[in-house]
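Everything on this sheet refers to the single structure shown next.
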Amino acid sequence: MERCESPQSDCFSFPRDVKISYRHSLVLVSDYGHLRIQMFDLETRKYVNCIPLSHHPQCLELDSNDLDSVVITLSYSHVCKFRMLDRNEISLRWQIGVSNESNHANEIIDDEIHQDNPAESTNGNTLFYYPMGVTVLPKRNNFEPSDIYVCDSGHHRIQIINSLDGSFIRSISMTCEFSPLHHGMNIHSSIHEPWSIAILQNNFASSSLNGEPQLIISEYWSSNLKILSRKLIPHNGHMGRVVERWEVKGRMSILLEEESSWTSMNPWTRHERTHQTSQQQVQSQSQSQQQQQHPDYFVCPMGLCVDRASGNIIVSDSMNHRLLVFNSSKGEWMKSFGSFGLNPCKSSSTRSGGINGEKMYAPFGMCVNEWTGELFVVDENNHRVLIFE
């Protein structure tokens, strides 16, 4: 992408996310520091237009059921939607969130929503606190409004809202998870600071058996990836009524727990700990030396995306300044690339023909060009977007 030519748009300022509109042949970048969404031609990478915003943009997603309208999470408590009829005719459809910025200091910690009665503690003033990642799940009937899933990171939950008007639908804050440490019983666990979210489509091996897409989320401070699957169960005492529950079908946490104990490198199986003897540790170290940049750990995963062609999951391991690629069906690590480096030209954008040795500084949002296979990566602290072929 070339340097922008609109007023005060000669560069990005801490860009956060990038998405592609195939309907309008555009690349959209959330330009956090300049309070706008920048748009570039998908083929030429030339600047086309921008959407000015009243708040700093975080992440974005497109609603394919609504002319590729763009849904944007805004600092620190807003979500909005713009409809794009074409590249120049863009209008705000709705914006929801706290109206008074001073309310941020008065956020109530016990506002955690349980799935049985989410409306009891959800209102216009506390719907979001630091919303981050967002994804859109279109309905099978194209005439129905899509569901928008928002990472409400400050409240440790996923908020689901209606794409038509932004109205609240339901919340996900508690999940059910198999735990071998609790005699193999299902235990309830909380979502902790979700940062990014994506949908695993039905054609992937990791999709749920009932045909429902599954969600994959990254938890920032706990350094987890989780696959969530929806389950409908009968409600006690109410004939014909069902309650929606979300189960953790897979977990990944690549962190060294103890001197001789690691979490499983296969996250989609039951979460188990593997103890190694000294000889096994030596063999493991020898194998890791043969695998350059093997992900022994990741810290604060920020962005993630799913490659629709291969089904691979790509994660931005931001604190290690690299990208990790995993198989979605088994959670097996496939490769990693990138290392720390400063970009000497703040306003440049870079196309890379390879993936080895590329320098990054806290990569964040990503997307895959389904037409060409290119990977677009926001190199946030280098103020640019990288394109890998």
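Note: Cβ is positioned from N, Cα and C throughout, glycine not excepted.
Just so you know, TrEMBL annotations are computer predictions that nobody has curated.
The region 'Disordered' annotation in TrEMBL covers 266-290. Taken from TrEMBL, the feature compositional bias 'Low complexity' applies to 276-290. The annotation repeat 'NHL' is assigned in TrEMBL to 298-329.
The average per-residue pLDDT of the prediction over the repeat 'NHL' (298-329) is 91, rounded to a whole number. DSSP places the residues of the repeat 'NHL' (298-329) in helix, strand and coil in these numbers: 3 helix, 13 strand, 16 coil.
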